[in-house]
Amino acid sequence: MDHEAPKTIEIPIRNSEEVIELECASIPDAQEVLNILSNEVAPMRVWLEIALEFWRQDRRDEFQRVLEEARSKAGKDYMGHEKDTMRCLDTLAAYNVICGKQEVDKEKQTKFFMEATTLYTLADKVIMYDQSHLLGRACFCLLDKGDQLDQADNQFNFVLDQDLNSIPALLGKACIAFNKRDFKGALGHYKKCLRLNPGCPADIRLGMGLCFYRMNKIGKAVDAFTRALEIDKRCLGALVGLAVVNLNDRDVTSVRDAITLFSSAYKIDKKNALVHIHLANHFFFRNQIAKAQQLAFHALHHTEHQQIRAEACYQLGRCHHKSGDYEQAFRYYNQAANFSTPKYALPFYYLGCMYLQRGSLSDIEQAIILFEKILKEYPNEHDTMKVLGHLYANSTDPEKCAMAKTHLEKVVAANPKDWEALIDYAQVLEQFTPEKALETYRRVIQLMEAVGVEVRAEIYNNIGTLQMRLGNLDDARENLQLAEEQIKILLDGPEYLYYRSLHNTVKYNSARLREKMYDFDKAIWLYKEIVNNNPKYIDAILRLGCMHRDKGQIFDASDLFKEGLNIDPESPDAWSLIGNLHLEKGEWGTGQKKFERILKAERTANDAYANVALGNVWLQMVHMPTKDQERLKRHQERALTLYKNVLRLDSKNIYAANGLGAVLAHRGYTSEARDIFSHVREATSEMKDVWFNLAHIYVEQKQFSSAIQMYKNAMRTFDLQNDPDCLTYLARALFKNNLMDECKRCLIKARRVAPQDTVVLYNLALVMQQLAERKLTASKSNLKEVVGAVRDLELSERYFSWLQSNGDRTKFALTGAANEARKCKDILTQAHIYVNRAKLADDEERAHRERTQASVTQASQKRKQREQERIAAAEAMQRTLEAKRNEYREKTGAVLEKVHQPSQKFKDRTPRPKSSKKQRKRNDGDDGLINDNESDAEAGSAIKGRKKKKKARSDDESPAPSRFNPKHKSREVIDDDSSSDEDFNAKAHVQQQAMLSSSEDEKNDATSSKEKKDTLASSSDEDARPANNKTALLASSSEEDNSDSGKKITSRAALESDSD
């Protein structure tokens, strides 16, 4: 297409050597030319020359028409017609590619590209591996920057394999590398082209400059752009590139030079859309909105490039945005988003802002979708995360709230002083960690005070509500007072309507705080003041109704709830409160209709509270006494459907999950129900219902001990020890576990707490009846138990008789109470038999007990008498021994006195004079003579006594160990051993006495024999004091040893004399 055009074109005449010459400057219209070409069956190369001449003259329709006719009418009976046919197909395909690039309509563009693809495929069938054909097809593939880039790269590589210096193939490789962000590789290809042809056009250096710019080598980029302008002063790309470099320097001189360059580019090509975009951007920041808008409009209509059109629409959109024309801004932002992808994030961001400006729920959802697209493309874009975090914070979806927390955490971490982001972050934290939210609000106050910004009343209000939730009531009151003081100052300002509404909000929070502080009068006064200031403030009206309800003023509460419905007939809160009033009174049908009314409204069709409450109503119907099993199944199915609807919308709704588990338990799937209850209990430990449901499951699975423990733990945890329903649950488990007495005590406690509850009375009567029946029929029951059982049975009969006419028909069958009453009467008619039997058994037991007591008393008296006799005998024995010892001492003293008294013969002898030592020794030898009056025994005893005296003294110093263990001695033995004579031995005394005289021996033998008999007799009766028996036997046996040698007796007597 770029070859020099011929001045004339020759058309050969068929079957002749002549030709028809067409002047290129005055070439006729296409139809005339086509007639000539068709009549002469001109060769394909002639058709191509004429088509190219139409292209040069910008007669594109005629160009296309000639090529289309050539495909079927051109002559092909010459050498080389295949290549000309391929050129025809490739040229027509290239024309379709150009049209497709310029087309805005996506459908038309796709049609052009499909036609080009078909033509290139036909050309492949003619000559597949021609270089020009492959280059054309590869350039077509470059238009698709996604999947077909690799195909284009393969075709360029094939061409380079045939010709390494093919500049078109190298340029194609450079484009592919640039689009793949391989700027270094693209630069290498451009450099090779430059080496192959140093005199190449300026476009090569423009490409090099773009590569240097993307590689952040700004200096080399400027050099490349400058060299391109030296080669071609009208190179728009180089002008724009230098201008953009100057704009990014952001100093006054550089910006002025950039505008000069853009102006020069505009003079060269007033239809260049890229120049228009940059100039529009410049004038927008200079606040010349009209010029910016005009330039952006021209850019939009002077280009078919989608990205540039997106830029133009964005510039138009923000011009209208700046002017306050939000509808036009929305339209252009939307067009920009359609022309581009989220990689160009600005139109998506501001289009999201326009959706938020509209304010509807659907628009907010669309805004969230746009911001999510931006964040997917740029995960760390803080402005988008900030907006998304704010939007997610207002969502009821727990997952979105968690995402809001994550986004705002990143924003705050990146900019800790962004107090606006901190406020959003604190609002999100209120749902997760109120303590951390409170700390964040305090940081906000510090930052605002540091920069001199006044702390808004909303922040104090939020801090007050957080303090109230955390139980810091005094701090909450202080912060709410600060908020109210600030609002009062601003009530007279231009935004008085907003602050008037905010004042009511702060008052409402203050009233709730007064309720928590038990200052109910002040709370009621505040609610009424809010209603007076704003009669449509429905929350205050409903709270007044709740306070009347808590006081038991049901009718006043109902009137206030209905007043709330007058303000908002579709208020789900008001309908729910009215429905709950009916349910508390047992009016299930009326309460059911109220919750169905909520679900019929469009805006509350998926209200989770109403669905769960209605499911609870149907589940409660299952407990109604009825014999219609099909009806029970229908109720269960309806409840199950409602719970599933809630879980489908919110899979983490623990109340719906708890209801689902209850339905499964009713259907007999206890294991599955237990799993659900366990998961709910793991999710929250503050839901009391799931504790009791788990205990119910344990009862059904006959794990009564676990059920009892679970009931007790739940009642203790939630302070329900006096709740009649909970006490009834516990009593049932105790009844199942056969702990009847404890069950009875539990029901009596429930009866005291709720004396009006007929179910408790029925259960108590039933337990008393069964417990009494057991006691009456038990053979081991005593008279007291039987009489008490009869009394309980009479009381049960009275209870059942009263219940059969006054019981609650909705909770139990009255015929059952009548049957139980008759059963009690039947048992009472036989009660006298059980009483008489118990009385007879009691009399027999009393008589047996008296006989046993008498025999025990008699045996005790006998044992006591024997003990006294034994003690008296022991005391007598002790006195006898003491008397004998005294007697022994007196006799021993008399013997010793005789031994030491000198005879009369020696008394009358005069003393000899002193002599020498030898004479004394002889005299000492004569001392062996004794008195005639002394017996041999006495003399011997005296001599032996002298010899043993020293030995006896050593025995006193080291007494022999006792024969018996002192721990086992009786009192009498211990007294005996503590006498003054520690070495006293009855045997030694008896033996010494036997030495004195034969008459005394006989007397002592008789006495000892008698004492021995008495001691043996006494010891036979004694069984508690073995030590005394042994002592007495030892004393008796000493008299049997009188046959011991006199020498041994004399030695012992001498020893005792010394000790005395």
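Quick reminder: no glycine exception, Cβ is built from N, Cα and C everywhere.
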### Query
TrEMBL lists coiled coil for one of the ranges 102-129, 466-493, 718-745; which is that range?
466-493
## Note on the structure
Spatial neighbours of the compositional bias 'Basic and acidic residues' (842-852) not adjacent in sequence (6+ beyond its ends, CB under 8 Å) are 782-783
#### Entry: Secondary structure content of the repeat 'TPR' (202-235), with strand meaning DSSP E or B
27 helix, 0 strand, 7 coil
### Task
Please give the sequence-distant neighbours of the coiled coil (466-493): residues at least 6 beyond its ends with Cβ less than 8 Å from one of its Cβ atoms.
430, 434-435, 437-438, 441, 456-458, 460, 499-500, 502-503, 506-507, 509-510, 512-513, 516-517
### Task
Count up the helix, strand and coil residues in the repeat 'TPR' (538-571) according to DSSP, in that order.
27 helix, 0 strand, 7 coil
### Query
So which residues does the repeat 'TPR' (202-235) touch in its own chain, when a touch means Cβ under 8 Å and the partner is 6 or more beyond its ends?
171, 174, 178, 181, 183-184, 186-187, 190-191, 193-194, 241-242, 245, 268
### Task
For the repeat 'TPR' (538-571), could you work out the same-chain residues 6 or more beyond its ends whose Cβ comes under 8 Å from its Cβ atoms?
504, 508, 511-512, 515, 520, 523-524, 527-528, 530-531, 577-578, 581, 585, 601, 603-604
## Note on the structure
The correct DSSP tally for the repeat 'TPR' (310-343) reads 28 helix, 0 strand, 6 coil
#### Entry: the compositional bias 'Basic and acidic residues' (842-852) - residue tally per DSSP class, helix then strand then coil
11 helix, 0 strand, 0 coil
